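According to TrEMBL, the protein carries these features:
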{"type": "DOMAIN", "residues": "41-504", "note": "domain 'Major facilitator superfamily (MFS) profile'"}
{"type": "REGION", "residues": "508-535", "note": "region 'Disordered'"}
{"type": "TRANSMEM", "residues": "119-140", "note": "transmembrane segment"}
{"type": "TRANSMEM", "residues": "152-171", "note": "transmembrane segment"}
{"type": "TRANSMEM", "residues": "209-228", "note": "transmembrane segment"}
{"type": "TRANSMEM", "residues": "240-259", "note": "transmembrane segment"}
{"type": "TRANSMEM", "residues": "336-353", "note": "transmembrane segment"}
{"type": "TRANSMEM", "residues": "365-386", "note": "transmembrane segment"}
{"type": "TRANSMEM", "residues": "393-413", "note": "transmembrane segment"}
{"type": "TRANSMEM", "residues": "419-441", "note": "transmembrane segment"}
{"type": "TRANSMEM", "residues": "453-473", "note": "transmembrane segment"}
{"type": "TRANSMEM", "residues": "479-499", "note": "transmembrane segment"}
Amino acid sequence: MANDDTSAAPLLTGHKAKPAAEVPSIDDIIETCTGGTGAMQLLKAFLVVFARAFDGHLLFISVFTEAEPRWHCVAGDSSCTRPAAASPPCPLPPGTWAWDRPAEASVVSEWALNCAGPAFVSLPASSFFAGCLAGGFLLTMLADSLLGRKKMLVAALASMSIAGALTAFASNVWAYAALRFASGFARSMVGTCALVLSTELVGKRWRNAVSFAAFSCFTLGFLSLPAVAYALREASWRSMYLWTSLPCLVYAVLLYFLAQESPRWLLVRGRTQEAVETLRQIASRNGGGGATASSSLSMLQNACASAMYEDSGTRAGGVFATLQAMVGRRWAIRRLAAVMAAGFGVGIVYFGMPLSVGSLGPDLYLSVTYNAVSELPSAVLSWFVIARANRRGSVAALAAAAGACSLACVAIPRGTAGMATELLSFSATSTAYNVILIYAIELFPTSLRNSALGLVRQAMVLGGVVAPVLVALGCERSFWSFGVFGLAIGCSGLFAACLPETRGRTLSDTMEEEERKQAAGSSAAVDKNSDSHLV
């Protein structure tokens, strides 16, 4: 019985026989074939994560294009009184007042949305997040099944940039809202695919650095947006969409020709020849390709001939094969539910806190810059936590810290102390947001990693949909904003206790491999307990 194939054994049992021939993990194969992560390989991974900068542009561009400009009374006109100037100028006769900036600087002033009611003012933003939710649920399976990481990322970037460019030609708020929905639909996959593809292209040693680069690129996009908006402050809002969308389209074309598909995904989908060719190209650029690399590639081809690296639950399925594979395994559903619940609580605060902070000064450009700068410490802290600390404890601790600071905002009066406490809460939340994304990557195997991460991000976006309602309620009583924020994120950290620790583990590639690791871990725990009883 010692030579039986463990793949035929019951899942998650104490079956201790090892796979025949001790086939190495894909991590080991890739490292041996390519001679480690070379400079060119690392550069391509950084090229992929730069997509997050354009993601940051699109996510926050509405802060400027949908802002309500200030206005003033025309000098010498007595019908424009000071009390009226504190509210929208809708009741005032034309010619008695004027916008401080050109009317076409914002969709609100160009189409007089502020006089049409709050539903019209919030329609474009609501449409964008609705598109993010719809795209996340409908497209997330494609990157694990039919299209793969690279094609999905390029298609999402190209669609996002084309929709953004077309938005510049919208003639009314309905066309504008529809195009914002399309932008959100395409944008939903950019962050997920960029993060997954970049981490799968490099070896274990460089994954933390690539993850840090991904968070930094998003912050860079957020931070550069006020500069672009300030440069175009006297121009039409349409110019902002063109100047952010066209570079994204050029980047998508470059990515199509320069980036490579994940060899891990190619292997689990049974596309062995493409995976081997990709590894060969990486090895040649890294200065490898010698006898050791050739031997490893031969070993890989022999192993793949027996479907050793293919996932039995997804290799023959269609778009929803990954979802079906998760539904059929209780451990996968438990993990997904727990990490999505944690992400939902973090998303409420991540998207809601900047709205509650409000303007940190009279200048819109400086206010957004301050919010963007507050994410820089969280990017550095995220890198440190991912490199040095356990995932489960980090999520719980960061959520508790963010929750405590948010609850403190209820008692602390507005001012410097209140603002500092708010920014501390947001910084801890941003760090928790980043750590949860990396945690989700490590919790699920390659065959369904993109789908799982996409669903986690949609849970965060769903939290962002709830946040504006809480912010509106908190205008009269701060507990309904900061208080609920604190309770939501504090409780979300408790769900991390339901998740296994993943720090230091190699990434699994198939459902079967993950289940073998769980079985091995359970056996090791039993042996340890037995030894302690003997002592």
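Here the Cβ of each residue, glycine as well, is placed from N, Cα and C on the backbone.
Not measured: the values here are computed from a predicted model.
In this chain, the transmembrane segment (365-386) lies apart from the transmembrane segment (119-140): fewer than three C-beta pairs between them fall below 8 angstroms, excluding pairs fewer than 6 positions apart. The stretch in 119-140, 152-171, 240-259, 393-413, 479-499 that contributes the largest number of Cβ pairs under 8 Å to the transmembrane segment (453-473) is 119-140. Looking at which of 119-140, 152-171, 240-259, 336-353 has the most CB pairs under 8 Å to the transmembrane segment (479-499), the answer is the stretch 336-353. Listed stretches 119-140, 152-171, 240-259, 336-353, 419-441 were compared with the transmembrane segment (393-413); the greatest number of C-beta pairs under 8 angstroms is found for 419-441.
Remote same-chain residues near the transmembrane segment (119-140) are listed as 62, 66, 68, 107-108, 113, 152, 156, 173, 176-178, 180-189, 192, 450-451, 454-455, 457-458, 461-462, 464-465, 468 (criterion: CB distance under 8 Å, separation of at least six residues from the stretch ends).
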